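Shown next, in structure tokens, is the structure this report addresses.
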Amino acid sequence: MSRQVVRSSKFRHVFGQPAKADQCYEDVRVSQTTWDSGFCAVNPKFVALICEASGGGAFLVLPLGKTGRVDKNAPTVCGHTAPVLDIAWCPHNDNVIASGSEDCTVMVWEIPDGGLMLPLREPVVTLEGHTKRVGIVAWHTTAQNVLLSAGCDNVIMVWDVGTGAAMLTLGPEVHPDTIYSVDWSRDGGLICTSCRDKRVRIIEPRKGTVVAEKDRPHEGTRPVRAVFVSEGKILTTGFSRMSERQVALWDTKHLEEPLSLQELDTSSGVLLPFFDPDTNIVYLCGKGDSSIRYFEITSEAPFLHYLSMFSSKESQRGMGYMPKRGLEVNKCEIARFYKLHERRCEPIAMTVPRKSDLFQEDLYPPTAGPDPALTAEEWLGGRDAGPLLISLKDGYVPPKSRELRVNRGLDTGRRRAAPEASGTPSSDAVSRLEEEMRKLQATVQELQKRLDRLEETVQAK
């Protein structure tokens, strides 16, 4: 009698652990807008989530450790004039976040260490060029100040945030219909897109050329998502002709047939994929679902291996995914999600059970650090580079907020890009006002530090 051989994997027993109530963010008003983005973005310093706002669009930014009940009057980032659809933290500066909105603009914001004391209405730069709502913002993985945006005008724009100027535009001739998803390759040389015309495309954005494309990776009519995974492969999620949800793995050089195609269930929510290149695990989270499925990708058939599923009682309205440098390596945490409920944000830690408290080198290979590998000019000139890697053996401490190198460039770019209008203040007046605002922010931060020290003294007594 033959025995079934169980595949060996150190990730077979990964389990999800939701945070205790006092480690959640309570009483937050998550946006009711219908849009298939995660509505949440996190990094080692902050958690940001798109919230309900009257008279415009807003999102909430909280220091990661500021858990518990969130005051209903907590200051928000509220410069958009219509609902915010997508947010993304800069991978090279934990204090910088980009937002795309129904008001057709992309805005880039700087968040002070310690979080917001007052509502933030003025972005560092506003990027204008789309003619319809902007539903996707995505930072370049390794080049400094390079930001991509995709709008419902079927246009992708790549911006140099340091100048406020559009470097590249991929028009409707590339995508004739709504763009569902965009993902950068690990070295930032290619982008992978999915579109309402039922095609997945791999594009060299600097040349504007489609390197490869697949028509109907999934037969259903619902939206498809596509992301780069391990070397030379992409992963897609979509629906069958019978409306069953599917996940598929493809070789980018041979897109005729998938390496693996698995049917999951008959739920209607679009599956959002999150890929970890350090472990080759992909996590699938669906809006309206109450579960997170995870799979391991290997270089040998059958290539895509189901590991397990984390389930809870309440469905999710959105999901944020922590970069590897924000995890607790001493607890063997290999991923952390921030699940949005209707009035709450709940961290969920994905952990590999290990008996030893020592650093587990096999779980934590060198990972992408916060420093860019290229400048925007180098990338535009044709250079590609993988991320600069760091070790997590001694843990990761986020650096203190430093004056952004993009600030001066952003201000100049904003003045250069904006049309001259009668009655607008001079550049000298603008500079003086900005300097005063910086001084006021510094004063507020100093007063907050004094207040914190005073509270510590009172508690000690």
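Placement of Cβ uses the backbone N, Cα and C atoms for every residue, glycine included.
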Feature region 'Disordered' in Swiss-Prot, mapped to one of the ranges 193-222, 403-432: 403-432
Lys66, Lys233, Lys253, Lys449 - residue that Swiss-Prot labels as N6-acetyllysine: Lys449
Tally of residues which DSSP labels helix, strand or coil - the repeat 'WD 2' (73-110): 0 helix, 22 strand, 16 coil
Packing count at Lys449 (N6-acetyllysine) (other Cβ atoms within 10 Å of its Cβ): 11
Distant-in-sequence neighbours of the repeat 'WD 2' (73-110), which means Cβ under 8 A and at least six residues beyond its ends: 31, 33, 35, 37-46, 48, 50-51, 53, 56-62, 116-128, 130-139, 141, 144, 147, 149, 151, 159, 161, 323, 368, 370-372, 398-399, 401, 404, 406-407, 410
Residues of the repeat 'WD 1' (13-63) by DSSP state, where helix covers H, G and I: 3 helix, 24 strand, 24 coil
